[in-house]
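If you check TrEMBL, you get these features:
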{"type": "DOMAIN", "residues": "B:29-205", "note": "domain 'Heme-copper oxidase subunit III family profile'"}
{"type": "TRANSMEM", "residues": "B:29-50", "note": "transmembrane segment"}
{"type": "TRANSMEM", "residues": "B:70-90", "note": "transmembrane segment"}
{"type": "TRANSMEM", "residues": "B:102-120", "note": "transmembrane segment"}
{"type": "TRANSMEM", "residues": "B:140-164", "note": "transmembrane segment"}
{"type": "TRANSMEM", "residues": "B:184-204", "note": "transmembrane segment"}
Amino acid sequence: MSENTNQKTTNEMSHKPDGTAKHIFAFIVMIALTAAAFYLVATDVVPENMILPLILVFAVIQVFLQLFTFMHLNQKGSAFYTIFMIAGIVIAVVSALGILLM
Amino acid sequence: MASHIHPNDRPKQPGHLETATFEGKNKVLGFWLFLGAETVLFACLFGTYLALRNANMGGPTTQQLYDLKLVGLATFFLLTSSLTSVLAMNAMNRLKQGAMQFWLGVTVLLGLAFLILEIYEFVHYVHEGHTFTSSAFGSSFYALVGTHGAHVTFGLAWIMTLMIQTARRGLTYEMAPKLFVSSLYWHFIDVVWVFIFTLVYLLGKVG
């Protein structure tokens with residue numbers, strides 16, 4: 001039988017910052033970047049050869065927001081996590097470009 | 001049911017429960033190593049798709065197939081589920097088990113909505129003559145998007161089973177790292193989707 005000890009502790013920590021506001025802000029930026037990418041493709045506001053670089057930049061910004069806010073890579077003690085991810089991304093980019101340009 | 005759990009296993013103070021124990025630290029560290037490897041897996045599938053996306057063997061082209069409204073809706077579901085997943089972790093670190101379970105439930109529902117849209121999309125494509133074996137474009141498309149869909153499916157099963165386990169055992173130092181790495185996995189699925197909607201669907205419409 002699981003007891004509900006968690007309920008009574010809620011009051012004492014309501015003053016603790018938990019980053020919820022920051023996360024919601026990051027989410028709004030991500031939604032805006034996604035909407036902008038879809039808008040650029042659906043309309044002709046920019047020349048066709050500019051669309052790919054622009055939406056790629058939007059995607060990369062979104063991924064950094066995910067990694068550093070939602071996945072907490074901005075916190076202390078994340079050095080090894082970041083090293084693993086950078087190593088993965090470096091091998092990933094080399095692999096993808098290698099296959100693509102083969 | 002939870003009588004074997006020692007009272008010391010139940011956090012009294014809010015904070016980063018996922019790395020509060022040595023075991024938790026190792027779980028998170030190991031999981032990031034796994035995510036680095038997953039990045040390479042998906043990059044290879046992306047490279048293959050981008051190299052073969054115009055090899056459609058007379059079948060439908062990317063421009064004819066893709067429907068941006070459907071993809072936009074699916075993207076919205078998955079992106080929002082990433083936010084609700086992080087809100088669940090915020091609730092966990094404030095020891096609010098009920099709020100955490102609520103946000104995990106919303107995450108699962110949004111993930112299910114995404115999966116249903118994807119299955120609908122695949123069924124529609126098969127009727128249009130775009131199958132796994134119809135062309136190199138078909139093979140590379142389903143390999144990439146299907147692998148992502150399989151990750152979503154696994155992630156949903158993972159989060160739902162953890163919700164059941166948390167309901168039975170409560171929010172302990174043992175549960176917190178499990179919940180946290182499942183949340184990392186879910187964010188990673190969203191990261192991959194950002195590149196899928198950019199490089200597969202949007203690029204497919206541009207040509």
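Each Cβ is built from the backbone N, Cα and C atoms, and glycine gets one as well.
Note: TrEMBL annotation is automatic and uncurated.
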Who are the chain neighbours of the transmembrane segment (B:184-204) in space, where the CB to CB distance is under 8 Å and they lie at least 6 residues beyond its ends? 28, 31-32, 35, 38, 42, 46, 49-50, 53, 62-63, 65-66, 68, 71, 74-75, 78-79, 81-82, 85-86, 107, 111, 141, 144-145, 148, 151-152, 155, 158-159
Select the range from B:29-50, B:70-90, B:102-120 that forms the most Cβ-Cβ pairs under 8 Å with the transmembrane segment (B:140-164). B:102-120
Outside the transmembrane segment (B:70-90), six or more residues from its ends: residues with CB under 8 Å to it: 18, 99-104, 106-107, 110-111, 113-114, 117-118, 120-121, 152, 179-180, 183, 186-187, 189-190, 193, 197, 201
Within the domain 'Heme-copper oxidase subunit III family profile' (B:29-205), what mean pLDDT does the predicted structure show? 96
